[in-house]
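One structure below.
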Amino acid sequence: MSHCFVLAGNSYRSQKDSSLQRGGISVSGVSVTRYGNLIGKERVSRCQRAMHCRIDSPLEESVFKQIRTFDNKRELFSPLSRRSNRCSNFKLKACIKSHSYLSSAPFSSSNAGQRKVNKFRACYKSEDNDIGEPKIDRLQSTEGTGEAILLEGNLNQISPWWKQFPKRWVIVLLCFTAFLLCNMDRVNMSIAILPMSQEFNWNSTTVGLIQSSFFWGYLLTQIVGGIWADKVGGKLVLGFGVVWWSIATVLTPIAAKLGLPYLLVMRAFMGIGEGVAMPAMNNILSKWVPVSERSRSLALVYSGMYLGSVTGLAFSPFLINKFGWPSVFYSFGSLGSIWFALWLRKAYSTPKDDPDLGVEEKRLILGGSVSKEPVTVIPWKLILSKAPVWALIISHFCHNWGTFILLTWMPTYYNQVLKFNLTESGLLCVLPWLTMAIFANIGGWIADTLVSKGLSITTVRKIMQSIGFLGPAFFLTQLSHVTTPAMAVLCMSCSQGCDAFSQSGLYSNHQDIGPRYAGVLLGLSNTAGVLAGVFGTAATGYILQRGSWNDVFKVSVVLYLIGTLVWNIFSTGEKILD
């Protein structure tokens, strides 16, 4: 975008209509063009050299004085000047258009009677960004109006803030919103299942079957979704996932009224849609986010899952009491259509696909992250032969064992051990999710700050994941020593807060070790994580029948310690797959 100004002033026509050669400047009565380098010690005002006409009024003298001092006040004319210290060549193009030529000859009284109004136009053009010269109408003036100055063009015109907002963070926020909807649509069943079981006379076994049917499809598409995202791009796969699970959510009340088999199939279909979300998100962020911003971007996206649980748990009871249990599925599911419209308009799989991406931001992204052709063949043998890949898989399993147990069995623990009435203490259900959302973003900023200060990515990942393992292990061991419900809740919240640092540890490591296969790697490790949730939830029930809650926590602590050892010995933050 160019920024120009037009000034009108008086000059005298010479008696001879000829051209003048002076100082390498050609003045022919039409235009004078000079270029100057405005950087360094050689800054000079080219307009000053080009102007040799006689100044006969204080106003004109003021105008030309401003032009001569332009180098020191260029911020008055262009917002691009703030970046001039980083540019190597910012050139001034001064064009003087007039019906008469400018003469350097001494003033003569013989030509004093012939006065015309000159048009002077100075255009400032950034050569690096290939900004074209604007089209400006000629200044319409009459004789004797040389005492006026007209500022015209796009002076100080700055784009609206939403157009200046970095496109890579638009992608991150859209992924955050997708994960918000993901968990909203997932947890609504845990609330709606209560009135549904009363209406359809379901027993506890049937309720457990319905709850578990989601994981049938969720497990199925973890690896498949990663392969698909790495081959065709994250935009298509994540868009498909949101549309798929949104439709399944809207159709859930209809399936429930048709019969139990239809409901089980619909819940499995919903799991299929949500199963591709994490691999697809991981793929698209590996293309868009430079390594210096990787931890905080992933932490923000994953915090969308936690806030989605909070939102779902908070609004579902209100909707059910006001409009009935089907309203939860209809309202939450319909939000996916709004998100999908924005996704189609704003999202691209890679920065190279976005025609509106700025040159500077594209240079930042491509200079700090890997952007290569889509994957055609998955090198399974190579991937599974790498020790850091297995460190990811094992650590993900150990992490999710403890996480799923806490989140699944926490309401029962509050009720049986702490003697809380969950109906009156609903905040306790969402408090761990809020804690995780807050500390995930804190951990992301800490990790990126450490990377920017020169600490190796490997060291940062090991530090953050060690906090994610050892923190929960410590606070779980303290639960057997607390004597008040308040302290128990505090220990649980601190455990989940430390757990959230894993978003800057193992959850960021897929993009570190294999950016091109980030979707497949996350599909592999998250499959192990989901299996840990399924087996861990079932094992906890078995342990409680023969033991106590202390035994449940001890198993989690042991797995946390195993994960810590495996992670710190075998993991790396360097790229091992290309």
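The chain as shown is numbered from 1 upward.
Using the three backbone atoms N, Cα and C, a Cβ is placed for every residue, glycine included.
Note that the structure is predicted; figures quoted are calculated from it, not measured.
Look at TrEMBL and you will find 169-189 (among others) tagged as transmembrane segment. Within the same chain, residues 210-211, 214, 238, 241-242, 245-246, 249, 252, 267, 270, 274, 277, 281, 284-285, 288-289, 297, 300-309, 311-313, 316, 328-329, 332-333, 335-336, 339, 342-343, 346-348 sit at least 6 positions outside the transmembrane segment (169-189) and bring their C-beta atoms closer than 8 Å to a C-beta of that stretch.
For 171-575, the entry in TrEMBL reads domain 'Major facilitator superfamily (MFS) profile'.
The transmembrane segment feature in TrEMBL is assigned to 209-229 (among others). Same-chain residues lying 6 or more positions outside the transmembrane segment (209-229) and placing a CB less than 8 Å from one of its CB atoms are 186, 189-190, 193, 202, 237-238, 241, 260, 263-264, 267-280, 282-284, 378, 517-524, 526-527, 530-531, 533-534.
Annotation source TrEMBL lists transmembrane segment at 236-256 (among others).
TrEMBL lists 262-285 (among others) with the feature transmembrane segment.
Annotation comment: TrEMBL describes 297-319 (among others) as transmembrane segment. Tertiary neighbourhood of the transmembrane segment (297-319): same-chain residues 168-169, 172-173, 175-188, 190-192, 281, 285, 289, 327-328, 331-332, 426, 429-430, 433-434, 436-438, 440-441, 443-445, 500, 503-504, 507-508, selected by CB-CB distance under 8 Å and a gap of 6+ residues from either end.
Within the chain, the transmembrane segment (325-344) has long-range Cβ neighbours (under 8 A, six or more residues past its boundaries) at 174, 177-178, 181, 184-185, 188, 191-192, 195-196, 199, 235, 238-239, 242-243, 245-250, 252-253, 312, 316, 319. What TrEMBL records for 325-344 (among others) is transmembrane segment.
Marked as transmembrane segment by TrEMBL: 389-410 (among others).
Positions annotated as transmembrane segment by TrEMBL: 430-451 (among others).
Among the features that TrEMBL reports, transmembrane segment is placed at 463-480 (among others). Residues of the same chain lying 6 or more positions beyond the ends of the transmembrane segment (463-480) and with a Cβ under 8 Å from any Cβ of it are 295, 395, 398-399, 402, 406, 443, 446-447, 450, 488, 491-492, 494-502, 504-506, 508, 549-550, 553, 556-557, 560-561, 563-564, 567-568, 571.
Residues or ranges marked as transmembrane segment by TrEMBL: 517-544 (among others).
Long-range contacts of the transmembrane segment (551-570) within the same chain, counting only residues at least 6 positions beyond its ends with a Cβ under 8 Å from a Cβ of the stretch, are 387-388, 390-391, 394-395, 397-399, 401-402, 405-406, 409, 462, 465-466, 469-470, 472-473, 476-477, 479-480, 505-506, 539-540, 543-544. According to TrEMBL, the transmembrane segment annotation covers 551-570 (among others).
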Give the nonlocal contacts of the transmembrane segment (262-285) in its own chain as ranges (CB under 8 Å, at least six residues past its ends). 171-172, 175, 178-179, 182, 185-186, 189, 209-210, 213-226, 228-230, 233-235, 237-238, 240-246, 248-249, 251-252, 255-256, 294, 297-298, 301, 347, 349, 510-511, 518-523, 526
Residue numbers, six or more beyond the limits of the transmembrane segment (236-256), whose CB comes under 8 Å of its CB atoms: 175, 178, 181-182, 185, 188-189, 196, 200, 225, 228-229, 262-263, 265-267, 269-270, 272-277, 279-281, 283-284, 325-326, 329-330, 332-337, 339-340, 343-344, 347, 349, 519
Short question: which residues 6 or more past the ends of the transmembrane segment (517-544) have a Cβ under 8 Å from it? 212, 215, 218-219, 222-230, 234, 237, 278-280, 282-283, 285-286, 375, 378-379, 383, 389, 392-405, 408-409, 506, 510-511, 551-552, 555, 577
